[in-house]
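To start, the structure itself, in structure tokens.
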Amino acid sequence: MANASEPGGGGSGGGAEAAALGLRLATLSLLLCVSLAGNVLFALLIVRERSLHRAPYYLLLDLCLADGLRALACLPAVMLAARRAAAAAGTPPGALGCKLLAFLAALFCFHAAFLLLGVGVTRYLAIAHHRFYAERLAGWPCAAMLVCAAWALALAAAFPPVLDGGGADDEDAPCALEQRPDGAPGALGFLLLLAAVVGATHLVYLRLLFFIHDRRKMRPARLVPAVSHDWTFHGPGATGQAAANWTAGFGRGPTPPALVGIRPAGPGRGARRLLVLEEFKTEKRLCKMFYAITLLFLLLWGPYVVASYLRVLVRPGAVPQAYLTASVWLTFAQAGINPVVCFLFNRELRDCFRAQFPCCQSPQATQATLPCDLKGIGL
């Protein structure tokens, strides 16, 4: 009776393992397809749409391409390693392959962290110092410099082999980030660097939030009469609108007394130096989108960074296998979540997507946009 029951138990166990392997491979394939489709679609949208040829979208283009390359390089290797581990005579992945994949994972992780820090700084300058941002940082040279700096810093942070490939016992992440036993101080230093970069990014956005909140405080109006000898108004009671119009290049007549020695802006590139309300709303929407990407990066990479800290400071077996598996899968999901966040938080991207792909727009939405188009041409 005992001999008769053993094959049945082995068959049921083998079926459960096969089902778990199939579910794991299907999930990895879905993540790979979603990441490649979303990131490539947004990259093509940014390249084809001329209204998106601005510095923030160039940085978003680099982030999308990096996420797509990470999914294309790492997820198929994890799928292959999972199949090898589940095979009866499966061989563990080679040490060189694991080191290469661990280097790529660290490279893309540090690249995203450094790039998001640069994006946070540019977002702060775009709102707090808009004139300096519009004159110096709004073009593609600044975006190219930030992209090159992010890749160079990421390469410098990921190249030393203190972050090695994991062992063959981790079926879900056989080639994920793991410190070497003899490289614990170096691994701790790089983990501290990653935490410092992510923390600095959130501090920049916190400073931006305080800046916006301070500018929204209501102050009581002081009704002091303004001084006027011609069309210009100056003095304590003046609102400054005439001087602002004259400085921006829209005023006519003599120079206001308070602006003697200042030349008005001409019709060239420096004519639009004031942050009007619509531009301010656009910059705020971009800030919300990039901060959502930064926050998701922290939430999805945070559990694995905590596990890495425990492995470095305590011992490799101090982290439960279930927690390690869940944290690794969260890092896999980060490669395909950014296009979804961009589509949800950026109305300009949604409008450009509907314009480039009219087949994705419903007839009701097309009819709803018709009066707006007629209103835009003056009918």
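Cβ coordinates are placed from backbone N, Cα and C, and glycine is handled just like the others.
Residues or ranges marked as topological domain 'Extracellular' in Swiss-Prot: 1-26 (among others).
For N3, the entry in Swiss-Prot reads N-linked glycosylation site.
Annotated transmembrane segment per Swiss-Prot: 27-47 (among others), in sequence order, evidence recorded as sequence analysis.
Among residues of the same chain six or more beyond the topological domain 'Cytoplasmic' (48-58), those with a C-beta under 8 A of the stretch's C-beta atoms are 119, 122-123, 137-140, 142-144, 147, 286, 290, 348-349, 352, 355-356. Taken from Swiss-Prot, the feature topological domain 'Cytoplasmic' applies to 48-58 (among others), supported by sequence analysis.
Taking Cβ pairs closer than 8 Å, the transmembrane segment (59-79) reaches residues 25, 28-29, 31-32, 35-36, 38-40, 42-43, 46-47, 93, 97, 101, 104-105, 108, 111-112, 115-116, 118-119, 122, 143, 146-147, 150, 172-175, 293, 332, 334-336, 338-339, 342 in its own chain, all 6 or more past its ends. Marked as transmembrane segment by Swiss-Prot: 59-79 (among others).
Look at Swiss-Prot and you will find 80-100 (among others) tagged as topological domain 'Extracellular', backed by sequence analysis.
Annotation comment: Swiss-Prot describes C98-C175 as disulfide bond. In this view, C98 (disulfide bond) is surrounded by 22 other Cβ atoms within 10 Å of its Cβ, with every protein chain counted.
Residues annotated as transmembrane segment in Swiss-Prot: 101-121 (among others).
For the topological domain 'Cytoplasmic' (122-142), the model gives a mean pLDDT of 85. The topological domain 'Cytoplasmic' annotation in Swiss-Prot covers 122-142 (among others).
Feature annotation from Swiss-Prot assigns transmembrane segment to 143-163 (among others); the stated evidence is sequence analysis.
Look at Swiss-Prot and you will find 164-185 (among others) tagged as topological domain 'Extracellular'.
Taken from Swiss-Prot, the feature transmembrane segment covers 186-206 (among others), and the record attributes it to sequence analysis. Here the transmembrane segment (186-206) has Cβ contacts under 8 Å with residues 106, 109-110, 113-114, 116-117, 120-121, 123-124, 157, 160, 162-163, 179-180, 287, 291, 294, 297-298, 301, 305, 308-309, 312-313 of the same chain, all six or more residues outside its ends.
As annotated by Swiss-Prot, topological domain 'Cytoplasmic' applies to 207-289 (among others), with the evidence given as sequence analysis.
Using a Cβ-Cβ cut-off under 8 Å and counting only residues 6 or more beyond its ends in the same chain, the transmembrane segment (290-310) has close neighbours at 56, 63, 109, 112-113, 116, 119-120, 123, 176-179, 187-188, 191, 194-195, 198, 201-202, 205, 318-319, 323-324, 326-328, 330-331, 333-334, 337-338, 341-342, 344-345. The transmembrane segment feature in Swiss-Prot is assigned to 290-310 (among others); the stated evidence is sequence analysis.
Residue counts for the topological domain 'Extracellular' (311-324) under DSSP (helix as H, G, I; strand as E, B; rest coil) come to 10 helix, 0 strand, 4 coil. As annotated by Swiss-Prot, topological domain 'Extracellular' applies to 311-324 (among others).
Residues or ranges marked as transmembrane segment in Swiss-Prot: 325-345 (among others).
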Summary of DSSP states over the topological domain 'Cytoplasmic' (48-58), given as helix, strand and coil counts: 8 helix, 0 strand, 3 coil
